[in-house]
Amino acid sequence: MNYVGLIIVLSCLWLGSNASDPDDPLLVQLPQGKLRGRDNGSYYSYESIPYAEPPIGDLRFEAPEPYKQKWSDIFEATKTPVACLQWDQFTPGANKLVGEEDCLTVSIYKPKNSKRSSFPVVAHIHGGAFMFGAAWQNGHENVMREGKFILVKISYRLGPLGFASTGDRDLPGNYGLKDQRLALKWIKQNIASFGGEPENILLIGHSAGGASVHLQMLREDFGQLAKAAFSFSGNALDPWVVQKGARGRAFELGRNVGCESSEDSASLKKCLKSKPASELVTAVRKFLIFSYVPFAPFSPVLEPSDAPDAFLTQDPREVIKSGKFGQVPWAVSYVTEDGGYNAALLLKERKSGIAIDDLNDRWLELAPYFLFYRDTKTKKDMDDYSRKIKEDYLGNQKFDIESYSELQRLFTDILFKNSTQESLDLHRKYGKSPAYAYVYDNPAEKGIAQVLANRTDYDFGTVHGDDYFLIFENFVREVEMRPDEEIISRNFINMLADFASSDNGVLKYGECAFKNNVGSEKFQLLAIYIDGCQNRQHVEFP
């Protein structure tokens, strides 16, 4: 056992003997002092607990430091977690600035269940393209009603504050990923005090949260922090995750906020630290060339090997091929029309017509930004590729509402499905622990596509989040679950509870047991639909 593992084990043992007060379960003893949660009827909550020093001042653009302060009074863990400062796609109006820079907290939700003295733990990383989103946006009422596990929501730095990088040791980037990792360490060390089982931690996330889960898992010591991982509609190989071109964008950020005289990374970092955080985040709008496109102008990067506290120094593909990653059970998923999240905004009505009309004149300009190959090809190669994929999916059709479904399929394939297949293929060849996958096809009455398109008269199919928002309530649904969705919701929640506590990595959904892909010649894919589930084998994803 290495030093980090020993410290975690000793911390868990010590904290296990200092759990919540049996006379008052709202009071919990931590190394920092006592905190008080809230009784919500069917569950307890302990919100906005700091796990890191505030990433402000000199700590901006630095790896997070563990929270060191001691509480002389009882810490009131009753405040809804604040969103990390962001330029939020879903905030209406011109000013989309939301949140605060001091935001590195975890929030814990514990069911009341007299039959259990302890619970498995599901740690949750929210999505939002590494640019926006918040822990509070993913509701927990469905999960708490089932009463199967403790839920921990992680907040982490976003946008330029979390992911600006010059690609060298002065401003290496990936601060948001480093936040997540520190939060996981905090959970491992402290969750026993809340009645959680530190040996039964499952890490999950959706979209950028799912990609974050996969990236965390690519750390070789991940198994010391969690026993399993689940990536919903997002993984490390998606083209919008680990991007190139970050150095140019970091200096462009500097020019946008008055740091144009900075000629090297060190001086740029110093200047950016001196600027108001709101100014840095508001500058995100300068990187958007069409609505909220590209949806992830700042994202994870490859860091140089000499960077302090480096998180990711190799392409994820090479990490998986090396076998030197967290060899724990992993599941990944996609829905049949994930790309609706990216394409639906093109059906929004404007005074000059629907937005998709613009693509007829601007496809060669916009496609590299929609599909994230703007920094990987020459101008000629980008144009050739843009023409080819249009021909492959739309043929001679023009861009309009009649051809929209083909465009949405293009977005689904390139941004989600193809990379899900590639990641699963690598894990089945180089992984040692089980690797599972499912595809979901059961459209919601209202979801993220209807919100972005601002219309309900189009059948978008099963879009990004239609499965995940049955586990965690989200503002984009705005409708009650149908009876079939209530069954699916319970199946998903039970699936997570069982995965977190399983000793052999077995994964089940309802009556269907997932099949392991490791060592399999064909892809083992569980299809989940309105009235059941079925195991299917594929040479390529359907």
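One-based numbering along the chain as shown.
A Cβ is built for glycine as well, from the same backbone N, Cα and C atoms used for every other residue.
Annotated signal peptide per Swiss-Prot: 1-19, in sequence order, evidence recorded as sequence analysis.
Taking Cβ-Cβ distances under 8 Å and a sequence gap of 6 or more within the same chain, the neighbours of Asn40 (N-linked glycosylation site) are Met144. The N-linked glycosylation site feature in Swiss-Prot is assigned to Asn40 (among others); the stated evidence is sequence analysis.
Residues annotated as disulfide bond in Swiss-Prot: Cys84-Cys103 (among others). Neighbour count (other Cβ atoms within 10 Å of the Cβ, all protein chains): 30 for Cys84 (disulfide bond).
According to Swiss-Prot, the active site, acyl-ester intermediate annotation covers Ser207. Annotation for Ser207 (active site, acyl-ester intermediate): spatial neighbours Gly127, Gly128, Ala129, Phe232, Ser233, Gly234, Tyr341, His464, Gly465, criterion Cβ-Cβ under 8 Å with sequence separation of six or more.
Following the DSSP three-state reduction, the secondary structure of Cys271 (disulfide bond) is helix. What Swiss-Prot records for Cys259-Cys271 (among others) is disulfide bond, and it gives similarity to another entry as the kind of evidence.
Taken from Swiss-Prot, the feature N-linked glycosylation site covers Asn418 (among others), and the record attributes it to sequence analysis. Look at Asn418 (N-linked glycosylation site): DSSP puts it in a helix. In sequence order, Phe541 are the residues near Asn418 (N-linked glycosylation site), counting only same-chain partners six or more apart with C-beta under 8 A.
What Swiss-Prot lists as N-linked glycosylation site is Asn454 (among others), and the listing cites sequence analysis. Sequence-distant neighbours of Asn454 (N-linked glycosylation site) (same chain, 6+ residues apart, CB-CB distance under 8 A): Lys348, Glu349.
Residues or ranges marked as active site, charge relay system in Swiss-Prot (evidence: similarity to another entry): His464. Cβ neighbours within 10 Å of His464 (active site, charge relay system), excluding its own Cβ and spanning all shown chains: 32.
Here Cys512 (disulfide bond) comes close to Leu526, Gly532, Cys533, Gln534, Asn535: these same-chain residues lie at least six apart in sequence, with C-beta atoms under 8 angstroms from its C-beta. Look at Swiss-Prot and you will find Cys512-Cys533 (among others) tagged as disulfide bond.
Counting only residues at least six positions away in the same chain, the Cβ atoms of Pro81, Val82, Ala83, Cys84, Leu85, Ser155, Arg157 sit under 8 Å from the Cβ of Cys103 (disulfide bond). Of all Cβ atoms in the protein chains displayed, 21 besides its own lie within 10 Å of the Cβ of Cys259 (disulfide bond). The Cβ of Cys271 (disulfide bond) lies under 8 Å from the Cβ of Gly254, Gly258, Cys259, Ser261, Ser262, each of which sits 6+ residues away along the same chain.
Counting every protein chain shown, the Cβ of Cys533 (disulfide bond) has 20 other Cβ atoms within 10 Å.
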